[in-house]
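Chemist: One structure coming up, written as structure tokens, with questions to follow.
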Amino acid sequence: MAPKVSDSVEQLRAAGNQNFRNGQYGEASALYERALRLLQARGSADPEEESVLYSNRAACYLKDGNCTDCIKDCTSALALVPFSIKPLLRRASAYEALEKYSLAYVDYKTVLQIDNSVASALEGINRITRALMDSLGPEWRLKLPPIPVVPVSAQKRWSSLPSENHKETAKSKSKETTATKNRVPSAGDVERARVLKEEGNELVKKGNHKKAIEKYSESLLFSSLESATYSNRALCHLVLKQYKEAEKDCTEALKLDGKNVKAFYRRAQAYKALKDYKSSLADISSLLQIEPRNGPAHKLRQEVNQNMN
């Protein structure tokens with residue numbers, strides 16, 4: 001039975017959300033449509049509310065397998081509020097379901113420019129990359145549509161949203177581990193991982209650490225057994241002052257290779273930045289047991305000791 005709701009956009013949207021959570025996608029879609037009509041009839045511009053309603057109705061269409069209307073609504077939502085993550089993800093999923101892999105790839109990559117830890121986008125890129133390599137061959141990247149450059153303002157808008165809007169990112173690291181670490185990569189996956197890691201290395205040389213993180217993350221989706229990929233991504237996190245992420249990546253690197261000197265050094269740097277001087281000194285000590293004459297490590301130890309005094 002449909003809920004009784006008054007002619008309030010907010011109440012209609014809330015009722016639609018409840019129906020969606022209950023799996024009543026048709027009813028939810030109808031409520032979002034009523035809210036859209038009411039909002040548009042008012043004549044007062046509220047692009048963010050209108051964008052959310054289009055995006056929510058798109059989610060209903062996607063659940064019902066109506067990919068064409070999902071894409072239309074996501075495009076309408078993005079026209080109102082460009083670079084919104086949810087409509088980008090939903091449109092990417094719809095494109096993927098329709099086997100429009102190039103368009104799906106563009107939307108997933110756009111999401112990763114906004115937040116490079118969104119699990120569903122990372123997993124989507126993994127699937128789409130395989131499909132594109134199989135269908136278009138080794139030069140598949142040259143055959144893609146242009147990938148839009150996300151302005152800094154859009155990235156800041158996303159990072160400033162309340163924490164409940166970031167639920168997808170909170171699980172990204174654990175999803176990465178469960179999705180990739182429990183399987184042995186094929187020879188083809190190992191090669192793809194190597195190529196992506198090299199692309200990341202080239203981006204680091206050019207000073208583009210944010211895009212390099214994306215490449216390393218893609219590489220790890222194909223093969224999570226390369227210690228150097230984790231320690232290389234840790235370097236990027238350090239440059240971007242993402243110290244906790246750097247520490248986590250170095251820890252993963254050391255699980256794979258307990259003598260990874262760069263991982264010890266970079267984790268020591270991260271601990272120093274986090275003011276965990278005891279852990280920093282412990283990593284430096286471990287490093288110097290492997291390379292007693294490592295100059296940067298000796299210098300870092302002096303800096304940490306000075307900070308402790």
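Here the Cβ of each residue, glycine as well, is placed from N, Cα and C on the backbone.
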Chemist: Select, from Ser8, Ser163, Ser174, the one residue given the annotation phosphoserine by Swiss-Prot.
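Modeler: According to Swiss-Prot, the phosphoserine annotation belongs to Ser8.
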Chemist: Which residue, chosen from Ser44, Ser159, Ser172, Ser186, is annotated phosphoserine in Swiss-Prot?
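Modeler: Matching Ser44, Ser159, Ser172, Ser186 against Swiss-Prot annotations yields Ser186.
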Chemist: Using a Cβ-Cβ cut-off of under 8 Å, list the residues of the same chain that are 6+ residues beyond the ends of the repeat 'TPR 1' (9-42) and lie near it.
Modeler: 2-3, 49-50, 52-54, 56-57, 59-61, 63-64
Chemist: Quickly jot the same-chain residues contacting the repeat 'TPR 6' (262-294) by Cβ under 8 Å, restricted to those at least six beyond its ends, or write none.
Modeler: 227-228, 230-231, 234-235, 237-238, 241, 243-244, 246-247, 250-251, 253-254, 300-301, 303-305, 307-308
Chemist: Can you give me the Cα-Cα distance between Ser186 (phosphoserine) and Ser8 (phosphoserine) in Å, rounded to a whole number?
Modeler: 55
Chemist: Measure from the CA atom of Lys197 (SUMO2 cross-link) to the CA atom of Ser8 (phosphoserine) and give the result in Å, rounded to a whole number.
Modeler: 51
Chemist: Restricting to the same chain and to sequence separations of six or more, state which residues have a Cβ under 8 Å from that of Lys197 (SUMO2 cross-link).
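Modeler: Listed in sequence order: Lys215, Tyr216, Ser219, Glu226, Ala228, Thr229, Asn232.
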